[in-house]
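**Q** My questions all concern the structure below.
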Amino acid sequence: MAAGVQDFNRTEFDRLNEIKGHLEIALLEKHFLQEELRKLREETNSEMLRQELDRERQRRIELEQKVQEVLKARTEEQAMQQPPKGPPPVSNGADRRSQGLCSRVQKWFYEKFGEYVEDFRFQPEESTVETEEPLSARRLTENMRRLKRGAKPVTSFVKNLSALSDWYSVYTSAIAFTVYMNAVWHGWAIPMFLFLAILRLSLNYLIARGWRIQWSIVPEVSEAVEPPKEDLTVSEKFQLVLDVAQKAQNLFGKMADILEKIKNLFMWVQPEITQKLYVALWAAFLTSCFFPYRLVGLALGLYAGIKFFLIDFIFKRCPRLRAKYDTPYIIWKSLPTDPQLKERSSTAVSRRLQTTSSRSYVSSTPTGLSKDEDTGRFHGTKKGNFHEIFNLTENERPLAVCENGWRCCLINRDRKMPTDYIRNGVLYVTENYLCFESSKSGSSKRNKVIKLVDITDIQKYKVLSVLPGSGMGIAVSTPSTQKPLVFGAMVHRDEAFETISGQYMKITAAAASGSDS
């Protein structure tokens, strides 16, 4: 148990370190890109002109719409006021009176109902663009507190339902069970729920008027509210971002698991589970067709009450019994998520590949060739063979510790452009070289190869002094660079530093003994 807890803590610590490294890279890239953007804005004023042009264009469109509406209204008024064209009227007083009456009726109808007629006129939908707020630590904490306060009624309702099912208060659960079963038996279930909703709204009205009413099965625990800080340091802001990222990661992960399980249930990912749902739906359909709704509602209501108050209570107290006989619980737990399906498929494929590769290796390995030589010959990076990527000899290959490399970013402070200043990639250590492979596609010029003999100094480095911790970088000094090369944002920085230092001491000791002899 202790070993499992330690492994869990270690994996969580590695995830936090990885997030910390990515944020460190993002902060560095943001800093240098802001510098370049500031210089470009000083040189040209095109952004301001573009915004002014957009405002003028929007203003012109609005004026055209207003002019069209005014012209349309005037034409309608003139059409209503002008008499209809036709042959010269006969001097008849009755016709004149009828025309005047019709115009008065039209005018009265337009005055009374014209506004409602205008409401039904089709107009093009206006597209509104929501403005995004900049990232702010104060706004972030305020939104977190708002979310917590908004979700409090829902969480308290769920806690009260769980307390009823768990018989937290025996008398309350017994009364609720008796009232519910009696209401279902007499067909009063829906009126009972409506009455409870009206009662809850009435209590909320009294609470809003200042009454102190507490209607909860589970006693509420008042949490200490920390006063909001006006100014946060950079370290506190960074820690706040990490906490929010961790909570958001866990919340999104749980929501994704629920949605993926529901999707896989309906998409026949596991046919034996979806088949049970299929049979249950057919049974419910046939029951609703041949039995009266009153009988079906009575059966469902009685089953829901017995399941909620009695069966769930027994299953929660007896986990082994639940794992054997609680069908909905067993189905939900056995439903896979998409990552689990990918892991299963990759495991099956890897097993097949291992089986086929072991067979082909036994049949195709020539005599007199050792296993190390054969594996070293086919070792490669993501883009090709290792020695071809870095233009090295075939016997140069990564050490066993860094066979997959360490993800990091190379910070070359001798360069001035941000695109050349920071490069993301993977760091390898061979017997004689320190090799950095850039993750961006392109020529091999973006890669970096350093001879271990040429290194003059190597030490741990903290890229940003304002960040908490001891840093996640390694600084390497060479005669060809004015400032040390920094390999930053390394999750396993200490392991990489020990490997590079050990190999560097080994190479320098061998070179010194060779020169003495």
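Every residue gets a Cβ built from N, Cα and C, even glycine.
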**Q** From 185-207, 277-299, which range did TrEMBL mark with transmembrane segment?
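**A** Residues 185-207 are the ones TrEMBL records as transmembrane segment.
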**Q** Select from 23-73, 431-481 the stretch of residues annotated by TrEMBL as coiled coil.
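**A** Going through 23-73, 431-481 one by one, TrEMBL flags 23-73 as coiled coil.
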**Q** Restricting to the domain 'GRAM' (384-462), report the mean pLDDT as a whole number.
**A** 82
